[in-house]
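Enquirer: From Swiss-Prot, here are the annotated features:
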- 14-34: transmembrane segment (TRANSMEM)
- 42-62: transmembrane segment (TRANSMEM)
- 72-92: transmembrane segment (TRANSMEM)
- 103-123: transmembrane segment (TRANSMEM)
- 131-151: transmembrane segment (TRANSMEM)
- 178-198: transmembrane segment (TRANSMEM)
Amino acid sequence: MSDAKELKQVLTGPIVNNNPIALQVLGVCSALAVTSKLETALVMALALTAVTAFSNLFISMIRNHIPSSVRIIVQMTIIASLVIVVDQLLQAYAYQISKQLSVFVGLIITNCIVMGRAEAYAMKTPPMMSFMDGIGNGLGYGAILLAVGFVRELFGNGSLFGVEILHKISDGGWYQPNGLLLLPPSAFFLIGVLIWIIRTYKPEQVEAKG
């Protein structure tokens with residue numbers, strides 16, 4: 001496989017074929033919590049993409065100099081430093097969104113996607129491939145968040161990115177918002193539906209029966 005094809009596979013593979021949420025079922029907790037609005041879903045997706053990509057890059061660059069006995073500590077230190085930078089930038093330039101995301105930006109430190117890619121991929125792969133892998137997994141994570149956020153905000157509040165799309169009865173319109181979709185459990189069911197749809201069209205992702 002040529003370098004260009006391999007880079008493309010690393011970048012696009014996690015979006016559908018190896019999606020971190022839909023196939024690997026990682027990072028679900030934040031997906032439940034931040035998808036009631038598209039705005040927060042988008043910002044969370046961008047934050048995780050940035051942290052995953054740059055943590056992969058930095059860890060890959062020093063992978064041959066990290067003692068095996070302390071590799072997890074080194075990985076978490078790099079990831080935590082990047083999360084602090086992202087959190088401070090959000091507080092400085094998008095304070096209201098930062099308040100809405102609350103602790104979930106900080107919890108990127110413990111996100112299974114970030115830690116998993118650092119340990120399983122960046123520690124064994126050159127920097128550029130690791131960087132693209134981080135972006136690809138961030139895009140895969142973001143695709144699920146945006147799909148869930150789209151449904152939850154549109155039918156739960158009648159809006160997208162805070163702009164009214166479905167005119168609500170309370171404002172003299174026709175649409176009665178479904179408040180259930182604004183509750184975290186609804187995201188769990190929507191993610192389940194997305195997994196079902198993906199595995200229906202890609203049966204190779206269905207787990208083999210024991």
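Every residue, even glycine, has its Cβ placed from backbone N, Cα and C.
Small disclaimer: the values here were computed from a predicted structure and weren't measured.
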Enquirer: Given a Cβ distance threshold of under 8 angstroms, which distant residues of the chain, six or more beyond its ends, lie next to the transmembrane segment (131-151)?
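Expert: For the transmembrane segment (131-151), the sequence-distant neighbours (Cβ-Cβ under 8 Å, at least 6 residues beyond its ends) are 7, 10-16, 18-22, 27, 31, 34-38, 40-42, 44-46, 48-50, 52-57, 60, 113, 117, 121-122, 125, 160, 181, 187, 190-191, 194.
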Enquirer: Near the transmembrane segment (14-34), which residues from the same chain, at least 6 beyond its ends, have a CB less than 8 A from one of its CBs?
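Expert: Counting only partners 6 or more residues beyond its ends, the transmembrane segment (14-34) has Cβ contacts under 8 Å with 40-41, 44, 48, 100-101, 104, 107-108, 111-113, 116, 133, 136-137, 139-141, 143-145, 148-149, 184-185, 187-188, 191, 194-195, 198, 202, 205.
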